[in-house]
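As recorded in TrEMBL:
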DOMAIN    19-388  domain 'Major facilitator superfamily (MFS) profile'
TRANSMEM  20-43  transmembrane segment
TRANSMEM  55-76  transmembrane segment
TRANSMEM  88-106  transmembrane segment
TRANSMEM  112-131  transmembrane segment
TRANSMEM  143-162  transmembrane segment
TRANSMEM  168-186  transmembrane segment
TRANSMEM  207-230  transmembrane segment
TRANSMEM  250-268  transmembrane segment
TRANSMEM  275-294  transmembrane segment
TRANSMEM  300-323  transmembrane segment
TRANSMEM  335-355  transmembrane segment
TRANSMEM  361-383  transmembrane segment
């Protein structure tokens, strides 16, 4: 039996190997439903007779839940210690994924995915908060990001074969097994620490809040494009005549390039500033959308996935670093996951309407949001130059 309310121990350190590993495991499972969203969409297409618009609504419900869970964790960590939050989050996540395999109606499935997203938001935000309290933040966040990409590669490569046989039972069954293992074996390693208020310091000035708002707006726009693309990349592939296995392979190759993108950003750091890397990512992702739009065959589809995913994970570290550079008291950083989740939810919601007349609207939506995101972040960088 799991002791949810283990008495907190003030000596618990988040810097031990086991603590970092457990936080990363909890966080990866929290965001897993987004990382394997293409496989979930494939499974839903195979199991249910939902329309493409309904597929977008499923993604939106899940991602709205993720955003709200990211906000809820701020309240939860002030009342429960980390280990209790991790266990409650995983229990609800596990239960919602079990329910997802049992229901057959659209409203019930939608509700289950919202609950799963909400619990996942709690888990991933707790992990982000916990890793942010460690002494080696940069290293641990890099491990967290790399673990997410590695999980996504393995899952999106292996799930299509399971989907062909078992549909949603295969995808959610596999997630339930992983959630059970982490809940029983690793959550005991999550530090039983309470929330610690950060020093106020000088706080954010009006300029800091304005700049932070522009960066967060840019992140919402960027993740709107990501959410729309990630929801409909599998249906785009299937409409082009590629099998579920071919689709999964292309997405996995794309995610390998995402890992390369995060490594490239880690290597370059701020040697070239932030404006040029963000602009380069926008160009790469725009090229990917053009390649997919003209339907350049399977090789073109793989190339599009590679370019888009590389730009995605190459750009994110610079966006996060930009927010950190203008945020003086940490409050905007605490809202980062919520804003990213909000954008991820908005994308599928808008795309679900546009897709009723074909996928062209999805491409236009992605391009527009990427461009506006670039301008939003670029304006902050230029403001920083003028203040220097």
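A Cβ is built for glycine as well, from the same backbone N, Cα and C atoms used for every other residue.
Automatic prediction, not curation, is the source of TrEMBL annotations.
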- Query: So which residues does the transmembrane segment (55-76) touch in its own chain, when a touch means Cβ under 8 Å and the partner is 6 or more beyond its ends?
  - Reply: 31, 33-34, 37, 40-41, 44-45, 85, 88-89, 109-111, 113-126, 129, 227, 230-232, 235, 334-335, 337-342, 344-346, 348-349, 351-353, 355
- Given the transmembrane segment (88-106), its same-chain partners at Cβ distance under 8 Å and 6+ residues beyond its ends are 4, 26, 29-30, 48, 50, 54, 69, 76, 80, 112-113, 115-116, 118-120, 122-123, 126, 168-169, 172-173, 175-176, 179-180, 182-183, 187
- Query: Going through 112-131, 143-162, 207-230, 335-355, 361-383 one by one, which has the most CB pairs that fall under 8 Å from the transmembrane segment (250-268)?
  - Reply: 143-162
- Query: Which one, 112-131, 143-162, 168-186, 207-230, 335-355, has the most C-beta pairs under 8 Å toward the transmembrane segment (361-383)?
  - Reply: 207-230
- the transmembrane segment (207-230) vs the transmembrane segment (143-162): 3 or more CB pairs under 8 Å: no
